[in-house]
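Engineer: Annotations for this protein, taken from Swiss-Prot, read as follows:
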BINDING   22-29, 70-74, 128-131  GTP binding site
REGION    183-215  region 'Disordered'
LIPID     212  S-geranylgeranyl cysteine
LIPID     213  S-geranylgeranyl cysteine
């Protein structure tokens, strides 16, 4: 039987595709660069369409290869972004804690997920730029948590600049996806096998003869 598409070859146990979505300028590319390369820059060029990075991590003794796609937040690239939803196993919804409109638009991004992504896709809410001075904060932590609770998803505040919770957010969603895949494997293995026995030809012939005689 063919292996499920998320499974690995020799160098990893699981291949997990993640998608970063959210408005332009919320720091998706910075989060990706911090997690994949351990670096931060303020001179990012706005993502045009789609970009991705790969990082392999270890969880519970398993090697997890993360393929992380960074999407453009601009409206004109929305159709490109939605084309990548279907294959995503986990989606990080990112907003800027200093930009209330980016937070309010999270509901629109969730509607896009509901329209285009798989039903069982894992989601996580990320409030980025948490290192900014409190006087610049437009979205209180409690408000972000309340939205996450409303949708039944996890919530983290992060800073790509200071590396606050960046590892934690990616490891958290990867762990949840790995568990979902493992549970799916367990259910498949637990399904009883069905054996089809060959028909008793003599019995069938007798039945056919009896039916003939009775007609």
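Cβ atoms are placed via backbone N, Cα and C, with glycine included.
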Engineer: With every protein chain in view, what's the tally of Cβ atoms within 10 Å of the Cβ of residue 71 (GTP binding site), excluding that atom itself?
Structural biologist: 27
Engineer: Where does residue 71 (GTP binding site) sit in DSSP terms: helix, strand, or coil?
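Structural biologist: Once the DSSP labels are grouped into three classes, residue 71 (GTP binding site) ends up as strand.
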